[in-house]
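Trainee: Just passing along the structure, written as structure tokens.
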Amino acid sequence: MNIKPQFLSYSLISLFILGLALSFVYDTFLIAIIVGSLNLIMYFSTLTLAPDKLWYQYVGSLSLGIFMAQFIYQMHGMIEMHFFAFIGSIILIYYRNWKNQIPLAILVIVHHALFGYLQYTGMKEVYFTTADYMPLTTFIIHASLAAIIFFLCGYWSYEFETSAKISLASNAKLTRQLEIINKGIEFAENIANGNLEKEFKAEEEDKLGLALIRMHKYISEATQKTENENFVNIGIAKISELIRANDKKLDDLSDKAISFLTKYIGANQGSLFILNDYENDKYLELMGCYAYGQKKYIKTSILPGEGLAGQCYLEKDLIILSDVPKDYIRITSGLGEALPRFVVICPLMVNDTVYGVMEFACFEKIESHKIELLKKVGESLAASITSLRTNLQTQKLLHETQVQTESMREQEEELRQNLEELNASQEELSRIVSISENQRVEMEIREKVFSLTTILSESDLYGNITLANEKLCEVSKYSAEELIGKPHKTFRHPDMPPELFKIFWSTIKRGETFHGIIKNKAKDGSHYWVDAHIVPVFDENGNLKKYIGARYHITSDEFAEKMYNLQAQRLGLPLITDSQYI
């Protein structure tokens, strides 16, 4: 054990000073100086030459025995001086090394045996003891007791050493654990502060550290996952903004979208191809590109199956290429041209239909979350392309419809004027009938003519037919007997919306004339179109008593359909399409 030598050094210096003090009793100053100095020189020389060794302890143990012998000699064998051997043994306990007792014990035994023998054999001035004679048994007992003391002191040194080692090991373990805990605290603080880049290594017994590493790994993965999700969501939001801001021209949307995506995912080049789907000429047209070192609007086309883009179109799946062909277009930079190391081709696909292809080239591998972004953006762009093309087609059709509507309005105005003239003629005929009986005959003739050209009917307030002329029977294929008493809904065709008839009834019940284009159903299931005028008739008290309907048969389905759709747009009703006549 590494125990500092100061205690032993100070003890030897103190014994040296004690020897000088004892020299005045029997005038042994020279002995005290010479023996004490040599003793100290021997000890401190060893300590100086080998400060990291335990040699100084063994030499110090020997020096303690020499000081004991010196004091016995200086005090002419005073029995009390022998106890300095025990004092030295106790001093050595401090160093917790039982081996330190051995040099002192050997020197004491040799000294007592040799000097005791010399004194009792008659040698003068040995000064081993003040007793004139010591029996052998007494000597053996003294020696045994001294040995026991040395043994006990050595045992205590051993026990102290063992205890100290255990204590040191425990302290070292606690210190180590404290260091581990402090490192764990520092690591946890880094995690709490969001510094997930800090590395931490834990030993097998550091359960807290291992738990922190698992937590760090989980938080890092969760953080990375969140960052990746945010990256994808932000990218989709940006693309959505571009789509909303560029919903008029497909080439503007394509160019801005591919420019943004190329920079956003960290690619070096990007291009976007849109499908031009004609009957006999289907190809992918380059609509936008980024960082090709050329003019942005490059007119080029790729056939399905041609190259990587054409292959992606046919397979309807993502293509990720790390082994780039040598004939692939090179990336141009300030340092020259180089072949890309990584290529991604992503279809613009929605509902299993491909509307285009995006192609990206770069020097570094594109991460999986960026690939996921490209897939989702491909769906958004495909949907926007479909919507944009539909809008453009709708605008074209709307323009054509507006032209046709204007033409229809002119025809409607002409028809309205004709109907007004016809109504005036009817009124004039009625007036003539009331003038004279002779004129009545003429009026009947005119009504006969009118009935042959006009579908005429009368009904009660509940819509039940009370009168049906020949033209109505001809067009509807019913006989007059079959129609009398039947409701007018007998002619209702299922293509006509219920809302139209709600408008019809609310108009005539208010006492107003209803005018509209209506599709009716004949007896045999066929259909016919009429331009209907339903007029309410009042009695002399101003109460409704019946309804008269005058209808004009429209023989052109196409014309009738257009007229009806104009009416439906005006009334907010569903339009009718050509497919219903096929």
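Count begins at 1; order follows the chain as displayed.
Note: Cβ is positioned from N, Cα and C throughout, glycine not excepted.
Annotations in TrEMBL come from automatic prediction, not curation.
Sharing the features that TrEMBL gives for it:
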- 7-25: transmembrane segment (TRANSMEM)
- 31-50: transmembrane segment (TRANSMEM)
- 55-73: transmembrane segment (TRANSMEM)
- 79-95: transmembrane segment (TRANSMEM)
- 102-120: transmembrane segment (TRANSMEM)
- 140-158: transmembrane segment (TRANSMEM)
- 398-439: coiled coil (COILED)
- 441-511: domain 'PAS' (DOMAIN)
- 512-566: domain 'PAC' (DOMAIN)
Trainee: Please indicate, using numbers and ranges, the residues of the same chain that are 6 or more beyond the transmembrane segment (31-50) and have a C-beta under 8 Å from a C-beta there.
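Mentor: Same-chain contacts beyond the flanks: 5, 9, 12-13, 15-16, 19-20, 22-23, 56, 59-60, 62-63, 66-67, 70, 73-74.
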Trainee: Same-chain Cβ contacts of the transmembrane segment (7-25) under 8 Å, 6 or more residues past its ends?
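Mentor: Tertiary neighbours of the transmembrane segment (7-25) are 31-33, 35-37, 39-40, 43-44, 47, 56-57, 60, 63-64, 67, 70-71, 74-75, 84, 91-92, 94-95.
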Trainee: Against which stretches of its own chain does the transmembrane segment (79-95) lie, if we need a Cβ under 8 Å and a gap of at least six residues from its ends?
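Mentor: Residues packing against the transmembrane segment (79-95) from afar: 1, 3, 7-8, 11, 15, 57, 60-61, 64-65, 67-68, 71-72, 101, 104-105, 108, 129-131, 146, 149-150, 153, 156-157, 160.
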Trainee: Can you tell me how the residues of the domain 'PAS' (441-511) break down into helix, strand and coil by DSSP?
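Mentor: Final tally across the stretch: 40 helix, 12 strand, 19 coil.
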Trainee: Which bits of the chain, at least 6 residues beyond where the transmembrane segment (140-158) starts or stops, bring a Cβ under 8 A of a Cβ in it?
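Mentor: Beyond its ends, the transmembrane segment (140-158) has Cβ neighbours at 85-86, 89-90, 92-93, 95-102, 104-105, 108-109, 112-113.
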Trainee: Helix, strand, coil: count each for the residues of the domain 'PAC' (512-566), based on DSSP.
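Mentor: Helix/strand/coil tally for the domain 'PAC' (512-566): 10 helix, 31 strand, 14 coil.
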